[in-house]
Structures are given as C-alpha cells and as structure tokens.
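First up is the structure itself, then whatever we jot down about it.
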Amino acid sequence: MVTVSIVEIFLIISLPLLFFSSFADAGDPLQELISFVHGAVLAVPLLLLRSFFLGYYPPDSALVEEQWMRFFLFDYVFPLFCLPFFLFTSRSLERVSLVSGVSALFGAYTSFFFVHVYTQLNDPDLLARVMTLVLYMTNLLQLHAHVSFSMRTRLPLLGLIAALCIFLLMGAFSATVMTLCFFNARTVVYTSMLAGAGGVALLTHFFAVRINVR
C-alpha cells in the first residue's frame with residue numbers, strides 16, 4: 001500500500017517536473033510559473049463540466065467509439081479549452097503570451113491528471129495512469145517545441161494554430177493506441193508505441209527549444 005502511494009505521488013509530480021525542466025531557460029521563469037498556476041485554476045470549471053458529460057460514456061463500455069471518445073475528448077481535448085480563456089484574460093496575442101499559453105496548458109493538464117489519478121486510487125492496475133501520463137508528457141513536449149519554433153517566424157499566431165493541429169493529431173493517435181490497449185491484452189506493443197512517440201517528442205523538443213536557447 002505504501003509503495004502504491006509513493007508511485008501515485010511520483011506520477012502526480014511528473015508533469016510539474018517536466019514543466020520546470022522545459023521552461024528552466026525561459027526568458028521570464030516567474031511569468032511561466034504564474035501561467036502554469038493560472039492554467040491549473042482555469043481547469044477547475046472545465047473538470048466540473050467534464051464530470052457532467054462523462055456520465056454518457058461509461059468507463060466499462062464495450063463500444064470502441066465510446067472508449068475512444070472518452071480518451072480523446074474528455075482526457076485530452078477538454079483541457080485545451082483553457083488556452084482561449086487564458087489568452088482572453090491575458091488580453092494579448094503577442095509572442096510572449098502565446099508561449100505562456102503552453103505553460104498554462106501544462107497547468108491545465110496537470111489538474112486533469114491529478115483528478116485522473118485520484119479517481120483511480122482504488123485500482124491496483126497502474127497501466128492506464130502511466131499511459132495517460134506518457135500521452136500528456138509526449139504531446140505537451142511536442143506542442144512546446146512547435147510553438148517555440150513558430151514564434152521565430154513572421155506569423156506566430158498561424159504557427160500556434162498549426163502547432164495545435166499537430167497536437168490534436170498526436171492526441172488522436174495516442175487515444176487510438178490507448179483504446180486498442182483497452183480492448184487488447186498486448187500492452188507491451190501499445191506501450192512501446194507510446195514510448196516511441198515519447199522519444200520523438202524528446203528529440204523534437206531538444207532541437208527546437210534547447211539548441212535554440214544555447
């Protein structure tokens with residue numbers, strides 16, 4: 001029981017640790033931290049709204065499309081709605097605000113993942129939580145890399161839109177993998193696919209963000 005508690009704590013702090021690592025070299029780390037907290041707070045009303053719609057998609061449903069919608073829409077797309085609210089409250093579409101929007105999304109997905117872990121504390125199987133964490137980390141790194149690259153172009157807003165489209169495509173792929181894993185016992189194959197996507201995300205982030213900073 002104690003071991004599970006330690007693992008759960010480690011899973012919960014993984015996203016904030018990834019955030020601090022990703023934005024350690026940001027121009028204004030304090031501003032990025034404030035944006036992270038802002039996103040985490042904005043996620044609260046979305047979580048309440050999400051709980052209302054989740055009743056239409058039972059977690060033990062035998063329908064592939066319902067499980068896919070549950071993974072993609074409720075665990076992945078819902079936190080994205082924090083971004084327009086964040087940009088609206090920031091009252092700015094400048095490059096700094098757009099990059100800070102990624103920090104806000106890190107906070108939003110951290111809140112969603114915390115609730116995801118909390119609601120499954122009694123489930124001894126950690127696979128779903130670990131895969132959800134890998135999904136979030138992989139795609140947030142990809143988003144940060146693409147947004148950082150697009151901010152160096154002449155049309156940063158269009159670059160952000162393109163980055164979000166890639167983000168959604170990656171999310172659809174990840175949700176598909178998780179759905180297949182839900183209906184099939186070959187977990188090693190599907191976790192390997194997510195791990196491969198995570199490796200690509202790390203390389204993309206390294207070349208788009210780290211090398212540019214240095």
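Backbone N, Cα and C atoms are what each Cβ position is placed from, and that goes for glycine too.
As given in Swiss-Prot:
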type	residues	note
TRANSMEM	4-23	transmembrane segment
TRANSMEM	35-57	transmembrane segment
TRANSMEM	67-89	transmembrane segment
TRANSMEM	96-118	transmembrane segment
TRANSMEM	128-150	transmembrane segment
TRANSMEM	155-177	transmembrane segment
TRANSMEM	187-209	transmembrane segment
With pairs closer than 6 in sequence left out, are the transmembrane segment (4-23) and the transmembrane segment (67-89) joined by 3 or more CB pairs under 8 Å?
no
Tertiary contacts of the transmembrane segment (155-177) (same chain, 6+ residues out, Cβ under 8 Å):
68, 71-72, 75-77, 80, 83, 93, 95, 98, 101, 131, 135, 138-139, 142-143, 146-147, 149, 190, 193-194, 197
Can you name the far-off residues of the same chain, 6+ from the ends of the transmembrane segment (128-150), with a Cβ under 8 Å from a Cβ of it?
8, 11, 14-15, 18, 22, 75-76, 98-99, 101-102, 105-106, 109, 113, 116-117, 120, 156, 158-160, 162-164, 166-167, 170-171, 174-175, 177-178, 181, 190-191, 194-195, 197-198, 200-202, 204-205, 207-209, 212
